[in-house]
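The following features are taken from Swiss-Prot:
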type: BINDING; residues: 71, 144, 151, 152, 184, 185, 258; note: substrate binding site
type: BINDING; residues: 116, 121, 153, 157, 297; note: Fe cation 1 binding site
type: BINDING; residues: 156, 265, 294, 298; note: Fe cation 2 binding site
type: COMPBIAS; residues: 9-20; note: compositional bias 'Low complexity'
type: REGION; residues: 9-33; note: region 'Disordered'
type: MOTIF; residues: 116-121; note: motif 'Histidine box-1'
type: MOTIF; residues: 153-157; note: motif 'Histidine box-2'
type: MOTIF; residues: 294-298; note: motif 'Histidine box-3'
type: TOPO_DOM; residues: 90-93; note: topological domain 'Lumenal'
type: TOPO_DOM; residues: 234-237; note: topological domain 'Lumenal'
């Protein structure tokens, strides 16, 4: 990328909204009583993704698991198709491999920059062309429509590590990775998720349009298009197009996202808040284009970078900053360095380089 373009993108940092916590005078006593997850957040329009420390699981045995056999069978078949796709990769044309990488990155951004940082957390704002791109990319990813994805994710933050958390990591690696999609939702997930304020997404026509036409959209964008393009445009075999460009690519995107829910809640350091389960996991960040700095993200869910370090192993932040340089993204929320360091000192596990 040309140096002047990098300079333009870097200078666009000055347009971010810096979030600080400046208690002084009589306010100091008030701040002591404010839950840590609320102290630094100044977003008046979004509170549904902030952890609720008052919520506790009800005592008693958990409900019996109800398996969703349709999901189990489809998930097994998909992963078998993905494994077969790995075997076929050496026989693929170079264009097919490059197209698969492009489709992976685009659909991943539909989750990370779209469903996650834009629509779940409102960490930045996007103009219509960017929102259209992200809604298409999100449909390519096929991980439920934006509305449902954001509702589950807000519940995950607000009721993290409880039965109201859709992919509660306290129930083990397999459950938080994929098992939660193979069983009926816990009653607490339905109850608490149904009470979340989703009015911001209900008011967004593009999100509701995607929700209304999601099934035909996902069939076209996730399965039909990535199969037909290599087959028709450069003469790839239909089998390679189907199993590599479609099944393998889709399987990889799914598992990269799921690792944020599983591995990044079980393995890694907790430099920002040792009292929560989410961890910093560099390997997860590599696959999930920047989503592995999870202890930071759960500590500061309102930071558009989902990380203290902006572009470091964080392609999603680089993408958002490029969009800002083009005038398509704006009002990016960024936690101040002073606030981050203060939080590290208060609740970190001592693993941060500043400790």
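Even glycines carry a Cβ here, placed using N, Cα and C.
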- Note on the structure: For residue 185 (substrate binding site), the spatially nearest of the binding-site residues 116, 121, 153, 157, 297, using Cα atoms, is 153
- Task: Using residue 184 (substrate binding site) as the reference point, find which of the binding-site residues 121, 156, 265, 298 has the shortest Cα-to-Cα distance to it.
- Result: 156
- residue 152 (substrate binding site) to residue 297 (Fe cation 1 binding site) - Cα separation in whole Å: 16
- Task: Could you give the residue numbers and ranges of same-chain residues that sit at least 6 residues beyond the motif 'Histidine box-1' (116-121) on either side and whose C-beta is under 8 angstroms from one of its C-beta atoms?
- Result: 46, 49, 131, 134, 146, 149-150, 153-154, 201, 204, 207, 291, 301-302, 304, 306, 316, 320
- Look at each of the binding-site residues, 116, 153, and point out the one with the fewest other Cβ atoms around it within 10 Å. 153
- Query: If you count the C-beta atoms lying within 10 Å of each candidate's C-beta, which of the binding-site residues 156, 184, 185, 265, 294 ends up with the smallest number?
  - Reply: 184
- Task: Among the binding-site residues listed here (157, 298), identify the one with the smallest other-Cβ count within 10 Å.
- Result: 157
- Task: Give the three-state DSSP assignment (helix, strand or coil) for residue 156 (Fe cation 2 binding site).
- Result: helix
- Note on the structure: Lying 6 or more residues past either end of the topological domain 'Lumenal' (90-93) yet within Cβ distance under 8 Å of it, the residues of that chain are 230, 234-237, 240, 244
- Cα of residue 71 (substrate binding site) to Cα of residue 153 (Fe cation 1 binding site), in Å and rounded, measures 20
- Query: Record lists 71, 144, 151, 152, 184, 185, 258 as binding substrate; longest Cα-Cα distance in Å?
  - Reply: 20
- Rounded to a whole number of Å, the separation of the Cα atoms of residue 297 (Fe cation 1 binding site) and residue 258 (substrate binding site) comes to 16
- Message: At a 10 Å cut-off from the C-beta of residue 71 (substrate binding site), count the other C-beta atoms across all protein chains.
- Response: 13
- Note on the structure: Same-chain residues at least 6 beyond the ends of the topological domain 'Lumenal' (234-237) with CB under 8 Å of its CB atoms are 91-93, 95-96, 245
- Message: According to DSSP, collapsed to three classes, what secondary structure does residue 265 (Fe cation 2 binding site) have?
- Response: helix
